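Peer 1: Just passing along the structure, written as structure tokens.
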Ligand SMILES: Nc1ncnc2c1ncn2[C@@H]1O[C@H](COP(=O)(O)OP(=O)(O)OC[C@H]2O[C@@H]([n+]3cccc(C(=O)O)c3)[C@H](O)[C@@H]2O)[C@@H](O)[C@H]1O
Ligand SMILES: Nc1ncnc2c1ncn2[C@@H]1O[C@H](COP(=O)(O)OP(=O)(O)OP(=O)(O)O)[C@@H](O)[C@H]1O
Ligand SMILES: NC(=O)CC[C@H](N)C(=O)O
């Protein structure tokens, strides 16, 4: 059987920085070539970054991607890598000059892959199945491809597909089988969510059986606004054996030696009808076949594939949030962050994540005690700062609050919230003055119920815990401290921050459970309502108390307007607030009679 050394380049690209992404592709191709790879594959839209959203609708951006691809092909050859087959994702447009219904001036955008060889783009592949659910809006941005591309590399027919093409029945997977491909290579930008690595492994395994050939799956890694990509690139045999697996959350070059079925003489046209969009008539993908080399490479001694163990659940979530924050800081040109440190668990965990992401020397904490602040809020914040080694300053807010109240008479909740607003103003002022990114410490349970002060503690530029329910906040904090013990380091989070009852400390003796159910119950209910989209009767049938259901559902529904004004934060769950769950703000629909 012919052999092929395949390199999967799990890289962290930057949306919109086409020149830097092209340079990245050149340098990782050099690394792959140095390891003797015959073929190197980069993620979906590696040249432009992913997702580029409405940048697809700018003709200038589409042209920049096309021109960069042509230049990259020449540069790779000039670098001496013309013989390496390079597969990469980029943004292209249809050859026809028709404007799209969404206002593209000429040529409709395509989510494409290029096969680069000997200074040329030898083959272009257009994504057939466009995802249009959850966080994906690809009907808005792209027109689908109609053809399966098979490229013969050293005597092996390699079928090419792009991300969602693997998730849907029919289309490229079936066409790969029908055309007797020796390898199905899929380039991806598959965002992280908890436990999705298991889902993908099962999917890739199933598709290998269906396509009747091994599958090589290269995924993007890195943070992009409210998405984080975990990598976890894979190579699976036809029988479903994992031949190679890259580590999660880091850039990695996964080099695998494969023995693959020899290409047969002719490539058969597929007969599997498939619609790229549900409303369309099924079409038959035409197989386009390009022969780069008919002859196999000379036999060589294969190396065993590298199989990185997947991270445990909590380690994976922690690493995903840390990567998301690091990339948000770096890609937006910041070097440091500022946040309010209350001695509570949310801000303590965010501080630990920030220090892991960008180094404690770049984390600026500010303790902002009011007249209701407990002693432990100050001492726990100081202890946290000492353990982590971050910068801490203290600014008492009582004089600012009383000066404000002297001019604007506020009472009750409005007066309570003023403290949170003064705090938010202080850290935004410091961010503005000193050039930091301000972090918002709120968690998903608070965001769900509106239990935060808008323009107060909800103020900031990035919210690392935005998709983390409170019960998971505690679990992550415990995990991080245990991890420190495993590494022989000082646990970053004071034990008291983990064990004390949560409180906003906006009035004497206030605790979260004055306003909310216990967090175990609240989070279970929120998961069923937000992620499970269950209605009132289903929630009650599932065993939740009707009065609790009514109060929590009302809180969630009424807080939509607050959520819309919340900063971005990384999606780690199947349904994050934001683009994953879109509800009207102005809405009279209620799950029950108020
Ligand atoms: N649909 C809508 N569109 C636009 N604006 C809308 C609106 N509905 C209310 N509003 C406005 O929003 C105001 C109420 O919102 P807001 O000012 O935030 O205040 P509010 O939601 O009334 O109070 C904040 C709650 O969060 C708690 N909190 C605060 C700080 C930290 C924490 C914590 O533990 O982390 C908890 C606090 O104890 C209190 O229970 C209304 O007075 C109204 O002006
Ligand atoms: N005394 C304070 N000093 C500095 N920042 C504060 C203070 N009190 C609140 N904050 C900021 O406002 C945010 C919300 O406050 P809150 O007290 O509700 O949260 P927390 O203390 O982090 O966690 P918990 O909700 O478990 O108490 C905090 O995460 C913190 O960033
Ligand atoms: N970029 C894509 O096509 C991703 C879609 C795919 N279903 C995923 O979540 O991984």
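Each residue, glycine too, has its Cβ placed from N, Cα and C.
So TrEMBL lists these for the protein:
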- 4-260: domain 'CN hydrolase' (DOMAIN)
- 44: active site, proton acceptor (ACT_SITE)
- 44: active site, proton acceptor (ACT_SITE)
- 127: active site, for glutaminase activity (ACT_SITE)
- 133, 190, 196: L-glutamine binding site (BINDING)
- 163: active site, nucleophile (ACT_SITE)
- 340, 341, 342, 343, 344, 345, 346, 347: ATP binding site (BINDING)
- 417, 446, 562: deamido-NAD(+) binding site (BINDING)
- 486-509: region 'Disordered' (REGION)
Peer 1: Restricting to the chain of residue 562 (deamido-NAD(+) binding site) and a gap of 6 or more, list residues whose Cβ falls under 8 Å of its Cβ, or answer none.
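Peer 2: Residues satisfying the criterion: 447, 450, 452, 454, 458.
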Peer 1: What Cα-Cα separation, expressed in whole Å, is found between residue 342 (ATP binding site) and residue 44 (active site, proton acceptor)?
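Peer 2: A Cα-Cα distance of 42 Å.
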Peer 1: Could you name the residues, excluding 417, 446, 562, of the same chain that surround the deamido-NAD(+) site, i.e. Cβ within 8 Å of the Cβ centre of those residues, in sequence order?
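Peer 2: Surrounding the site, in chain order, are 420, 442, 450, 451, 452, 453, 454, 456, 457, 458, 559.
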Peer 1: Among all the protein chains here, how many other CB atoms are within 10 A of the CB of residue 340 (ATP binding site)?
Peer 2: 28
Peer 1: Near residue 345 (ATP binding site), which residues of its own chain have a C-beta under 8 A away, given they sit six or more steps off in sequence?
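Peer 2: Same-chain residues close to residue 345 (ATP binding site) (Cβ under 8 Å, separated by 6 or more) are 473, 474, 477, 493, 497, 498, 502.
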Peer 1: Please check the binding-site residues 343, 346, 347, 446 against ligand 3 and give me the ones with CB under 6 A, sequence order.
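Peer 2: By the Cβ criterion, which requires under 6 Å to ligand 3, there are no hits.
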Peer 1: Could you check which of the recorded positions 44, 163, 340, 343, 344, 417 have their CB within less than 6 A of ligand 1?
Peer 2: 417
Peer 1: Could you check which of the recorded positions 127, 163, 196, 417, 446 is the closest Cα neighbour of residue 346 (ATP binding site)?
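Peer 2: Going through 127, 163, 196, 417, 446 one by one, the Cα closest to that of residue 346 (ATP binding site) is 446.
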Peer 1: Taking each of 127, 340, 343, 344, 417 in turn, which of these recorded positions have a Cα lying within 10 angstroms of the Cα of residue 190 (L-glutamine binding site)?
Peer 2: none
Peer 1: When you measure from each Cβ to the nearest atom of ligand 2, which of the recorded positions 127, 133, 340, 344, 446 fall under 6 angstroms?
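Peer 2: Going through 127, 133, 340, 344, 446 in sequence order, those close to ligand 2 turn out to be 340, 344.
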Peer 1: With DSSP helix as H/G/I and strand as E/B, how many residues of the region 'Disordered' (486-509) fall in helix, strand and coil?
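Peer 2: Secondary-structure breakdown of the region 'Disordered' (486-509): 7 helix, 0 strand, 17 coil.
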Peer 1: Expressed to the nearest Å, what is the distance separating residue 340 (ATP binding site) and residue 163 (active site, nucleophile) at their Cα atoms?
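Peer 2: Checking the Cα atoms of residue 340 (ATP binding site) and residue 163 (active site, nucleophile) gives a distance of 40 Å.
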Peer 1: Can you tell me whether DSSP puts residue 446 (deamido-NAD(+) binding site) in helix, strand or coil?
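Peer 2: DSSP assigns residue 446 (deamido-NAD(+) binding site) to helix.
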Peer 1: Can you check which residues sit near residue 446 (deamido-NAD(+) binding site), meaning Cβ under 8 Å from its Cβ, same chain, 6 or more apart in sequence, and list them in order?
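Peer 2: When sequence neighbours closer than 6 are ignored, residue 446 (deamido-NAD(+) binding site) has 452, 470 within Cβ distance under 8 Å.
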